[in-house]
Structure formats: C-alpha cells, structure tokens
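Below: one structure, written as structure tokens.
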Amino acid sequence: MLNEHGRRLLLGPTTQRRRLRQILDREDCVTMATIFDPVSARLAEQLGYEAGLMGGSLASYAVLGAPDLIVLTLTELAEQVHRCTRVSDVPLVVDGDHGYGNALSVMRTVHELDRAGAAAVTIEDTLLPRPYGSSGKPALVSFDEAVARVEAAVAARGDSDLLVLGRTSAATLNGIEDAVARFKAFEAAGVDAIFLPGPQQREQIDAISDAVKVPLLMAGAPEALCDPAYLATRRVKAWSAGHQTFSVALKALHDSMQLVRSGTLSLHLPGQASKQLLEQATGVPEYDEWTRQYLAGGA
C-alpha cells in the first residue's frame, strides 16, 4: 500500500517482530525464505513467505564473496540486514553468530541488529572465529560463558518485541545431554525461542522439545527430517531445510555467464526473468510513482 506521497507503507520493525511472535504462538510450522539481499527480501514478501532467514554464511557470500569464516564484520552484517528490512515486511531472523566476541560484544551485536530492523537474532556458543592452532574441528565455549552471552543478549534489547534465540551445536559436537542442558539454561536466561541447527535424528529434536517450554526454530537437516507436519508436533514453529535457493541462483549466474563467454548472445539466454518480475523485484512501480510526482516538472 502507498501513502499519499507514493511511498509504500512498511509495517516497521516492532510490527514485524510481533508478527513473528504470533507465528511462534501458532500450532503449525512455517517455512522460512532464504534472504540475503534486498531483491530476495522483496521476492519473499511477494511470494507470501511469513518469515525469512539470513544465515551468517549467506551474508558473507553476498557482501564479501567470502566463506563463512567470520571475516564479515558486525557493521557489514547490520548494513545488509537494514538493506533487506527497508524494502520488505517479512520478519527476518538474523544469524548473529557468536555475537562477534564476548558477552559485551554480544550486547553490541543485538543493539546494532535491533536498529537494523531484525525481527529475531540468534546467538550461538560456538568458539569463533577459528583460533590459531586448532585442527579445524568446531568447538564450543564453556557452559557458563554460553549462558552469559545469552543473558547479555536478552538484556541488550532496545525493543522488548525483538526476539532473542539461543543456539548451540552441542548435539552434534558434545552429545544430546549437553545440548539439552545448554538449551534449558538458555531458556532460564530468558530467550524467546531455541534455534536448533542441523539436527540429524528425530530423537534429537524430540529430546530438546521435551526439555524446554519455549518454541523451537530449525535450519539445516537431512531430508528425513524435512516434514513440517512432524516438526509442528514438536513445537518447531519455523524452519528452513537449507539455503539451496542461493545455490540455484549462483549456478544460474555461472551457467549464463559461461554461455555468454562461449559466444551465446545474451539476448538469447534461457531462463530470463520477465520484465514484470524484474520490475517487481526492484521496486520499479514505487520509483515510477515518485518520478511522476517529483521529477516531471511542469510537463
């Protein structure tokens, strides 16, 4: 909807956050869109997604063309989040990684992502970035530090509607007992929901769902677990099987560039977006209205 000046009326961060909270109160499980830039954010809204997920890997790919090794800065992440939230009403769950440092850094991370318009921020207890001399195997910070990080994240919210999600990979790295203990401690620290990355078995999801009362969100799982009906029974309210849509887009770009490099005329490339889709994805109708109102002069 446009206002009298031709500006599309966005709901604003608080309303988006309340929409996400409403999703967490429902009985079903929604699929989150992969969002990594303003175009994907607009498409997610136009296609009717109720929530989106910006993974740390996606942000690093889109902003730096770099792998997910914590070389992206907090400033760069917050800027990319804002670019997405300023054009779309889809509530955005943002991967805050380890919070870019200790508990004080976590507070700064939550503050900046709050200002950028994130609907929810995940904070994890993985030891990041990879320390010197490590074998490359992921490791977790201590139990006490993990809880302190989450407590700091909850305290740092400027808007009480911003959701803080506690995340740990303990089920994969240390076993389900440690994962359950950490998630229960995160719940006691005040998180709004648990974010479960990469579960491999239903038994893991069942154990965590039985141990906590707050809702669950999930991302990355084998095909056997990609069953929204089952996930809904375990109080998983939003999920993503992975970021394969980014992979598909990358392959399409690679293949089309390869065809042009080999002599195909770009006009003849297969699979091109229609003019209408391109204009919808880039906000052309809105800009056309502004142009008519403010650049036409006396014509």
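Backbone N, Cα and C atoms are what each Cβ position is placed from, and that goes for glycine too.
What you are looking at is a predicted structure, and each value in this text was computed from that prediction instead of being measured.
Marked as substrate binding site by Swiss-Prot on the basis of sequence analysis: Ser57, Arg167, His243. The Cβ of His243 (substrate binding site) has 19 other Cβ atoms within 10 Å, all protein chains considered.
The DSSP secondary structure for Asp95 (Mg(2+) binding site) is strand. Taken from Swiss-Prot, the feature Mg(2+) binding site applies to Asp95, supported by sequence analysis.
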To the nearest whole angstrom, what is the C-alpha distance linking Arg167 (substrate binding site) and Asp95 (Mg(2+) binding site)? 10
Using C-alpha atoms only, work out the spacing between His243 (substrate binding site) and Asp95 (Mg(2+) binding site) and round it to an integer in Å. 13
